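In Swiss-Prot this protein carries:
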{"type": "TOPO_DOM", "residues": "23-654", "note": "topological domain 'Extracellular'"}
{"type": "DISULFID", "residues": "Cys26-Cys53", "note": "disulfide bond"}
{"type": "CARBOHYD", "residues": "Asn68", "note": "N-linked glycosylation site"}
{"type": "CARBOHYD", "residues": "Asn188", "note": "N-linked glycosylation site"}
{"type": "DISULFID", "residues": "Cys237-Cys245", "note": "disulfide bond"}
{"type": "DISULFID", "residues": "Cys256-Cys265", "note": "disulfide bond"}
{"type": "CARBOHYD", "residues": "Asn260", "note": "N-linked glycosylation site"}
{"type": "DISULFID", "residues": "Cys269-Cys296", "note": "disulfide bond"}
{"type": "DISULFID", "residues": "Cys316-Cys332", "note": "disulfide bond"}
{"type": "DISULFID", "residues": "Cys335-Cys339", "note": "disulfide bond"}
{"type": "DISULFID", "residues": "Cys476-Cys506", "note": "disulfide bond"}
{"type": "DISULFID", "residues": "Cys513-Cys522", "note": "disulfide bond"}
{"type": "CARBOHYD", "residues": "Asn532", "note": "N-linked glycosylation site"}
{"type": "DISULFID", "residues": "Cys533-Cys542", "note": "disulfide bond"}
{"type": "DISULFID", "residues": "Cys565-Cys578", "note": "disulfide bond"}
{"type": "CARBOHYD", "residues": "Asn573", "note": "N-linked glycosylation site"}
{"type": "DISULFID", "residues": "Cys589-Cys598", "note": "disulfide bond"}
{"type": "DISULFID", "residues": "Cys602-Cys625", "note": "disulfide bond"}
{"type": "CARBOHYD", "residues": "Asn631", "note": "N-linked glycosylation site"}
{"type": "TRANSMEM", "residues": "655-677", "note": "transmembrane segment"}
{"type": "BINDING", "residues": "Leu728, Gly729, Ser730, Gly731, Ala732, Phe733, Gly734, Thr735, Val736, Lys755", "note": "ATP binding site"}
{"type": "ACT_SITE", "residues": "Asp847", "note": "active site, proton acceptor"}
{"type": "MOD_RES", "residues": "Tyr879", "note": "phosphotyrosine"}
{"type": "MOD_RES", "residues": "Ser1056", "note": "phosphoserine"}
{"type": "MOD_RES", "residues": "Ser1080", "note": "phosphoserine"}
{"type": "MOD_RES", "residues": "Ser1085", "note": "phosphoserine"}
{"type": "MOD_RES", "residues": "Ser1109", "note": "phosphoserine"}
{"type": "MOD_RES", "residues": "Tyr1114", "note": "phosphotyrosine"}
{"type": "MOD_RES", "residues": "Tyr1141", "note": "phosphotyrosine"}
{"type": "MOD_RES", "residues": "Thr1168", "note": "phosphothreonine"}
{"type": "MOD_RES", "residues": "Tyr1198", "note": "phosphotyrosine"}
{"type": "MOD_RES", "residues": "Tyr1250", "note": "phosphotyrosine"}
Amino acid sequence: MELAAWCRWGFLLALLPPGIAGTQVCTGTDMKLRLPASPETHLDMLRHLYQGCQVVQGNLELTYVPANASLSFLQDIQEVQGYMLIAHNQVKRVPLQRLRIVRGTQLFEDKYALAVLDNRDPQDNVAASTPGRTPEGLRELQLRSLTEILKGGVLIRGNPQLCYQDMVLWKDVFRKNNQLAPVDIDTNRSRACPPCAPACKDNHCWGESPEDCQILTGTICTSGCARCKGRLPTDCCHEQCAAGCTGPKHSDCLACLHFNHSGICELHCPALVTYNTDTFESMHNPEGRYTFGASCVTTCPYNYLSTEVGSCTLVCPPNNQEVTAEDGTQRCEKCSKPCARVCYGLGMEHLRGARAITSDNVQEFDGCKKIFGSLAFLPESFDGDPSSGIAPLRPEQLQVFETLEEITGYLYISAWPDSLRDLSVFQNLRIIRGRILHDGAYSLTLQGLGIHSLGLRSLRELGSGLALIHRNAHLCFVHTVPWDQLFRNPHQALLHSGNRPEEDLCVSSGLVCNSLCAHGHCWGPGPTQCVNCSHFLRGQECVEECRVWKGLPREYVSDKRCLPCHPECQPQNSSETCFGSEADQCAACAHYKDSSSCVARCPSGVKPDLSYMPIWKYPDEEGICQPCPINCTHSCVDLDERGCPAEQRASPVTFIIATVVGVLLFLILVVVVGILIKRRRQKIRKYTMRRLLQETELVEPLTPSGAMPNQAQMRILKETELRKVKVLGSGAFGTVYKGIWIPDGENVKIPVAIKVLRENTSPKANKEILDEAYVMAGVGSPYVSRLLGICLTSTVQLVTQLMPYGCLLDHVREHRGRLGSQDLLNWCVQIAKGMSYLEDVRLVHRDLAARNVLVKSPNHVKITDFGLARLLDIDETEYHADGGKVPIKWMALESILRRRFTHQSDVWSYGVTVWELMTFGAKPYDGIPAREIPDLLEKGERLPQPPICTIDVYMIMVKCWMIDSECRPRFRELVSEFSRMARDPQRFVVIQNEDLGPSSPMDSTFYRSLLEDDDMGDLVDAEEYLVPQQGFFSPDPTPGTGSTAHRRHRSSSTRSGGGELTLGLEPSEEGPPRSPLAPSEGAGSDVFDGDLAMGVTKGLQSLSPHDLSPLQRYSEDPTLPLPPETDGYVAPLACSPQPEYVNQSEVQPQPPLTPEGPLPPVRPAGATLERPKTLSPGKNGVVKDVFAFGGAVENPEYLVPREGTASPPHPSPAFSPAFDNLYYWDQNSSEQGPPPSNFEGTPTAENPEYLGLDVPV
């Protein structure tokens, strides 16, 4: 027989309890076209399996049935779970008139749910030539109720007598979603078939009679439903119905598509556990059901395992173990720790492909009590396999199965050693569960063996399947076993044939049951093979009586079993010796009695469990143990005549010796401790001296981050060096003054902006303004505002460079009629360069907008306002804000929704800033509340294209506003793009009536207000003072006026390659002007002035044509190629009233050259900014927003004063809305003062552009 026949799994193996829906369920078979193992009992096997069966949980295989066989036991079958095979039969008809559905969970040849093959007469040719003889073979299918095949096709071949197979409309039988439905029908027949009965309107039938007309339930449906009961639109069946219905409800189905729950078709069985939404608990569902095949059952059938997910299975899932309850039900339970090792048999785990038990795998079963799988012994087991090097299995190796008690699969034996006359190696086997069946039908198969008896004396259960015992010529005792007591359902039976006749040969040979076996039931000869004893059982042997009154050892009787008494029990002659097997259940003690137990001797110095105190007892005259008067605990050597410890009297010599020894040990211990202390002190002193001399140890272990050191310089100013001129603005945390910085010991005046905190400001505000100073001090770019210094008075004062033209937003609004395309694109280039520099030093700005860009000159802008800026550490790529008010309309979508700020979120803000410039200061999303911005952005809406922008410029804005931050351009790419556009500005920005002639100097209201102030003349620009240029100061024409004459000169420098250009705005009185191409020795300043410093002068002289020669380095035709050092910047066409401005090609400054005079220390080029060490991580590892301080004092540079406002030393807070900085609202309201009473702008709390991240948007 093939291996597949021995190792096939039986599909489902048990009978449902009769009370479950009244449906009888039976197992199927899995033999395919193989010959039956016992042709003599084959028909009986089919009858036992399918008698009264309605649902076949497996395959219905009808093969090799003779012509005269009665198959009436098939008439109740209504449903087949697997496939149906009718092959090699000689019967004319198969009575399956009630079969409605074939589910096809298993398929014949992996394709067919119905196969009808070679059902013919073996002598078909002889019958055809013999007059009057009708050939045998299948003539009609008569599957008149079959209306559904869920999966699989139809194969009909080799049936010469079969009719009507081509008259069936198979399309109607197949489910519409049956993707695997091949139809292979052979219509070659040797007889003429009559037509369908006239009652068959559609001429589709299964047989000749009117009852065999095919019932159509699919192709006749008019409304597109899967099944229906008629042709009307109202005749549709429920979607959970299969095979048709009698009405529209899911309780009117003839069969269920998925699961049958008490006669109602459902998609799923009710869950065992439900969720209570009121108590938020998982609760047991009293209506829960287990899934068993296509049915919902309250409990799993016997021999099946219930799982936690509500299914009935044959094998537990991984990390689960089988558990048997007291009532016999079995379930799978999850292991609390790694599951215990189990023994696997054939068909399981590593033995899944093994054919039989061999000498190569038999040792794996040593010591096993339960085998998960099956056992099969074939001729090759004992013959060996020389080709694969497997030796024959020796009889003594079979002793490993003597400990076996349970098999979950089947036991198949077709070969056995001749030296063994029985199967006594399985003498302790109690259960064969049969979850896996041989051929899908047999749990126990014994065939062709030379044994004389079975010897399975402990076998008490065959959980499922049939027992087949045949062709064992010497086997007796087959009929002496009560097989009915071993079976668990009525479909089980014993099939036997070809064994030794019991009535003559077995009896005559004395092979009968022992007289002590009850009812003549036994597994073999002798009193040890009885199924049950007629009298008593001692161990494994039946006896007539127990040794209660006589014999040794004495016994007591419990449930007709003879059990021995305890050895310390005294045998009694006229009464029972004991009442149990314990020492306290004796009638009398053989030696002594301690408490209630009989003992061989009384305890003498015995320590009880978990006790360190010994117990001493002695026996009295009656043999009862009594406690000794002295309970010795140690050195118990002297005992009295009773065995108790004698009283110990201490000797003086012993006391003296013990005292002397104790004193000596104490002295030795003192000496040792003293020596150890001295040596320890010497070692400490030695190690201290070595450390002081060498000092090679580090206090902390090195964890280099790879970051560059931040060598920025912080200038500390004295309050006496600062002179406040007028108030520029006030806010909740302080006041911004226009002032003059006069360094000690120098006759120099420098215009500055001074930010002073209020007197009652909290320490947090002082810390935050120092953090802002840290950020500003670390930047060194011509396009980023620079910090000049701080004054550490009682309230910290921040000193920054004064920008005379105010913020870029006000500038473009005021001069919108005079701005050209070149101005706008140059500003875009400079802002992009400034942001690219901030990205290089890992600084996230978070508040880039036109209002936060200051105008130093009409050709030079700088990024400012670092109140919200954040430095990223060396291992950080993004910043997460904790709260605070932020400019919603300038922010990227991920920053609004997830508080995530990166350099790419600054790119979004840059796009909005460019939009502001191109619309001359229009408000983004004007009229739309800030809270609606996230939804608007998620829906894909963006700012519209400005009228002056070409599609090239607008597409760059759109790229900046991509949802995916990685899809946005980098700042270095934006620099390249806008530099390219700046070379040909009118091609990309179209301004109507743009003046192509020389532009006039653009002044501003703010600029004029600064010039009108007193003491603002004869000032020196801050950057010129901090980084003097060689040749900048002209020689003093007269000694008396030399101290101030040079201050009227202004210059501009740009770094190109390694040199620096300077351009004097006024010719020297003593000689020709310095060549503008001459290198400056002051190059390399950390803060590099790359603009044309307009200065706050009282007048500017026009340049001579000779002085304009540096301007010719730029081509008047922007389409011509430019030198690389121009970096895409195009100078104005006519610059006589203005100084030249040249962009620098790289953001990071070059190393400084050695100046002629002393200079303040500067930070090396390329220094990396670091996060302040005082920052501590907050919740979830996110650094708290220590820069959340936001108010007017955050941005003093671009605050525009109101015209005509007086400047008292401490004026009342009457200021422009710009001074209050409407775009900010501080998080901590307790630290703010009351808002100004005469504030004329929009209150900060109502500003729509800024919204707190701590408020859900």
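From the backbone N, Cα and C atoms, a Cβ is placed for every residue, glycine too.
Overlay of Swiss-Prot annotations on the structure.
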{"residue": "Cys26", "record": "disulfide bond", "CB count, 10 Å": "25"}
{"residue": "Cys245", "record": "disulfide bond", "CB count, 10 Å": "24"}
{"residue": "Cys265", "record": "disulfide bond", "CB count, 10 Å": "25"}
{"residue": "Cys332", "record": "disulfide bond", "CB count, 10 Å": "19"}
{"residue": "Cys476", "record": "disulfide bond", "CB count, 10 Å": "25"}
{"residue": "Cys513", "record": "disulfide bond", "CB count, 10 Å": "22"}
{"residue": "Cys625", "record": "disulfide bond", "CB count, 10 Å": "20"}
{"residue": "Ser730", "record": "ATP binding site", "CB count, 10 Å": "27"}
{"residue": "Val736", "record": "ATP binding site", "CB count, 10 Å": "28"}
{"residue": "Asp847", "record": "active site, proton acceptor", "CB count, 10 Å": "26"}
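Note: the CA-CA distance between Asn68 (N-linked glycosylation site) and Asp847 (active site, proton acceptor) rounds to 97 Å. The disulfide-bonded residues recorded for this entry are Cys245, Cys256, Cys265, Cys332, Cys542, and the Cα of Cys542 lies nearest to that of Cys522 (disulfide bond).
Within the set of recorded positions Leu728, Ser730, Gly734, Val736, Asp847, the entry lying nearest in space to Cys339 (disulfide bond) is Asp847 (CA atoms).
For Cys602 (disulfide bond), the number of other Cβ atoms no farther than 10 Å from its own Cβ, over all displayed protein chains, is 25. Across the recorded positions listed here (Cys256, Cys533, Leu728), the residue whose Cβ sits among the most other Cβ atoms within 10 Å is Leu728. When secondary structure is read from DSSP and collapsed to three states, Asn532 (N-linked glycosylation site) falls in the coil class. The C-beta environment of Cys335 (disulfide bond), restricted to residues of the same chain at least 6 apart in sequence and closer than 8 Å, consists of Asn319, Asn320, Gln321. Across the structure, the residue listed as 'active site, proton acceptor' and Asn573 (N-linked glycosylation site) place their CA atoms 109 angstrom apart. Cα-Cα distance from Cys589 (disulfide bond) to Gly734 (ATP binding site): 103 Å (rounded to the nearest whole number).
The shortest Cα-Cα distance between Val736 (ATP binding site) and any of the recorded positions Cys256, Cys513, Asn573, Cys598 is the one to Cys256. With the fewest other C-beta atoms within 10 Å around its C-beta, Cys339 stands out among the disulfide-bonded residues Cys339, Cys506, Cys522, Cys565, Cys578. Annotated pair Cys513 (disulfide bond) and Gly734 (ATP binding site), C-alpha to C-alpha distance, rounded: 113 Å. Its Cβ taken as reference, Cys542 (disulfide bond) is surrounded by 25 other Cβ atoms within 10 Å in the chains shown. On its own chain, Cys316 (disulfide bond) has Leu305, Thr307, Glu322, Cys332 as residues at least 6 apart in sequence with a Cβ closer than 8 Å to its own Cβ. Here the candidates are the binding-site residues Leu728, Ser730, Gly734, and by Cα distance the one nearest Cys578 (disulfide bond) turns out to be Gly734. There are 15 other CB atoms within 10 A of the CB of Asn631 (N-linked glycosylation site), with all protein chains counted. Comparing Cα positions, Cys542 (disulfide bond) lies closest to Gly734 out of the binding-site residues Leu728, Ser730, Gly734.
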